[in-house]
Amino acid sequence: MKILRKNHPLLKIVNHSFIDLPTPSNISSWWNFGSLLGVCLMIQILTGLFLAMHYTSDTTTAFSSVAHICRDVNYGWLIRYLHANGASMFFICLFIHVGRGIYYGSYVLSETWNVGIILFLTTMATAFVGYVLPWGQMSFWGATVITNLLSAIPYIGSTLVEWIWGGFSVDKATLTRFFAFHFILPFIITAFALVHLLFLHETGSNNPSGLNSDSDKIPFHPYYTIKDLLGIFLLLLVLMILALFFPDVLGDPDNFTPANPLNTPAHIKPEWYFLFAYAILRSIPNKLGGVLALILSILILAAFPLLNTSKQHGLIFRPVTQTIYWTFIANLLVLTWIGGQPVEYPFTMIGQIASITYFTIIIILMPVSNTIENNIIKL
């Protein structure tokens, strides 16, 4: 078996990626989230496939087909809630994964980091089009508001919006194409995830100390496969608790009402994992400015390798930047809270302050703290 896995053309790839992969001996549980994201992706593709067998992407029957899945299909309610809450688990793991990358300086592996940003954007796009499919009130109005933002693009904006809608409003054509996008995008994510792994295995993993670990590597299996299995069991435990005990806690009550173009909900808001970006969008009174800020809130992650001037790798021995990092995390939580609040005083002002702080920390405070710490080392 040992010879086979090392010589067989297919098994050799698996062997180099998951069995004999040289891995730093000191990576912590924060490194588990990459494998958890892979598990989340598999859960989403499997549950999504079974949902797609019963779902109809037609405005007259979409809402009813989801109700039919929950009521008449064997374990349809479980598949639906695993899929809906699986998306939340996916984004929790994604945010922690990115947060760990920032904290431990994984962005210096620039190819892996940039493919990760593409993965992040593709996952957000998949989640957005998927949220539209149940055709509830918030699904419909969320789709209308977010797609309508493209009209802020000069010259081609209005034409682009109508082209995406497939008409003059969000209707049957929009739902059909969103279903098509939602079906194909996870497979594109899978392809990008393999590229992400390919680049990662070219350079090797980072580690908590930020030091070179070439002299202290251990095989991935059995040490980290066992460690990953523990993480997977914990992930499944939390997912099952969510799906079985609190299935609708992260959803929106407006989505229990079928989509009605003549009745606008009091507060239009996306799913919780988009609220930080939505708060940044709303904090700028100008439409085009808001759209640019929204895009930059994600794309600014690509600036981390460029703005990094530190002589040290990661934040483990850098108390000044650590303080700024945790302020950044707290600020993100504030933005998430603000995104779910109505557009009125004092929430608008808090949102504007938090949005300015978000960009200030990344563009100004982190590079400045890097320079300060570099000078402290010289003393």
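Placement of Cβ uses the backbone N, Cα and C atoms for every residue, glycine included.
Annotation comment: Swiss-Prot describes 33-53, 77-98, 113-133, 178-198, 226-246, 288-308, 320-340, 347-367 as transmembrane segment. What Swiss-Prot records for His83, His182 is heme b b562 binding site. Residues or ranges marked as heme b b566 binding site by Swiss-Prot: His97, His196. The ubiquinone binding site annotation in Swiss-Prot covers His201 and is backed by similarity to another entry.
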Non-local Cβ contacts of His196 (heme b b566 binding site) (under 8 Å, 6 or more apart, same chain)?
Thr112, Val115, Gly116, Leu119
Using C-alpha positions only, work out which of the binding-site residues His83, His97, His182 is nearest to His201 (ubiquinone binding site).
His97
Around the residue listed as 'ubiquinone binding site', how many other CB atoms lie within 10 A of its CB?
14
Of the listed stretches (77-98, 288-308, 347-367), which one yields the highest count of Cβ-Cβ distances below 8 Å with the transmembrane segment (226-246)?
77-98
Cα-Cα distance linking His97 (heme b b566 binding site) and His83 (heme b b562 binding site), given in Å to the nearest integer:
20
When you scan the chain for residues with a C-beta under 8 Å from the transmembrane segment (347-367), skipping those not six or more beyond its ends, what do you find?
279-280, 282-284, 293, 296-297, 300, 303-304, 307-309, 321, 324-325, 327-328, 331-332, 334-335, 338-339, 341
List the same-chain residues at least 6 positions away in sequence whose Cβ sits under 8 Å from the Cβ of His97 (heme b b566 binding site), in sequence order, or say none.
Phe33, Gly34, Leu37
Cβ contacts of His182 (heme b b562 binding site) (under 8 Å, same chain, 6 or more positions away):
Gly48, Thr126, Val129, Gly130, Leu133
